[in-house]
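The domain 'Myb-like' annotation in TrEMBL covers 110-172, 173-222, 223-275, 282-326, 333-378. If you look up TrEMBL, you'll see 223-279, 282-330, 333-386 marked as domain 'HTH myb-type'.
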Amino acid sequence: MTQHDSGWSQDKNTELVTLEQLYEQLNTMHTAGVAQEHAQIHALQAIESERRIVEDALRDLDMEEDNGTQEYVVRPIEEACKCTIPHLSHEQIQAIPLLRAHAEERRRMRALLSTPPWSARDIECLQTSVQNESLRQNALYGTPEAKDWSRISVQVPYHTPRDCRTRWTMIQRPGINHARWSTAEKKQLLTYVDSVSVPSWEEAAAKLGTGRTGYQALEMYQRSAKRQVEWTPELDKALLQAARAVGPDWKMIAQKLGYPVSCAFQCHQRHNKLKSSAMVLGRWSPEEDAALRAAVAQFGCDWKRIEIHVAGRTGQQCRERWVGRLANIPEGKKKAARRTWTKEEDDRLRASMEKCQSWVEVAAQVGGRTDKMVRERWLLLKRRDEAQHTST
């Protein structure tokens, strides 16, 4: 045997030994997994038994006769409930693709279940538990305002003590005013915020005296305290220039004009008003056609952006002009041969009339025609069919 064959044989033996070791480890883990499965079944049965005992004890609990003499029984965990497999390290989990994917799925599921929504049953449990806790605190310490949220959360399934405290303090607590804000409340809130450099929202709610929380005051201020833009001819010109430069991104346009993002809707409304006041009807001029061609070359068929660059024309006008005429006329030509309707187009038109709800949808199904063109063609075909039916 040559040295090369000897080396090859040695490598193969090493691989076989490694595979045998891995096989033994897999068998060991499989055996441990089966044992762990049985242990989990016994643990689940033990936990279910404990749960029934706790439910029976809670059912017999009488808060009025309870003077704080509860005795807590501490019991050791049964051997069947203990984990028989040692915990894997983070590196070991990352080295096994299946375990890594399973761990990532568990983390994702925990994140989804960390803050479940509040159902009507959860709210009822919270209110009952808080009421019982107030009675207990009053009987023990004479302070019904103090609350043990960990104790309360035990009676509210799937919600942590922090969730229960936040829900009660911000929403469910008696005395919170959930009614619609009046004009006087809004004015009083704005007056307070303008009078201080750094507003305290809890103090603002207290000054209102209408049962609002600090969070409600902050929320209302952010909604109602929008800066009103005073439009001038210079600002209108700057608005049109910004719209041509940026497009229909009204938040960015508001920032370019020196206003907060909350003024984006005002910018949009003002731009629409300027466009409608300067809207042109009738024949298209050569300058308008050139502007439309340039805008289509730059933005494609984004008619919202195109109408910004074609002064006096709406997006619908630009679309009809382009599809109905300019798309069929090469640049530099003044006229195009009128394209007659083909039998295939007529068939698509007839089929589209049975399933479409508007002329725009029909034009999209026919292709290469505007909604006005398909409407005129349909009326013509309808008259032809009626004339043919009358003659027969």
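All positions are counted from 1 along the displayed chain.
Cβ atoms are placed via backbone N, Cα and C, with glycine included.
In TrEMBL, annotation is done automatically, which means it is predicted and not curated.
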For this session: Tell me, roughly as an integer, the mean pLDDT over the domain 'HTH myb-type' (282-330).
Result: 81
Exercise. For the domain 'HTH myb-type' (282-330), what are the DSSP-based totals of helix, strand and coil residues?
Worked result: 34 helix, 0 strand, 15 coil
Exercise. Could you give the number of helix, strand and coil residues in the domain 'Myb-like' (223-275) as assigned by DSSP?
Worked result: 38 helix, 0 strand, 15 coil
Exercise. How many helix, strand and coil residues does the domain 'Myb-like' (173-222) contain under DSSP?
Worked result: 30 helix, 0 strand, 20 coil
For this session: Report the DSSP secondary-structure composition of the domain 'Myb-like' (333-378) as helix, strand and coil residue counts.
Result: 29 helix, 0 strand, 17 coil
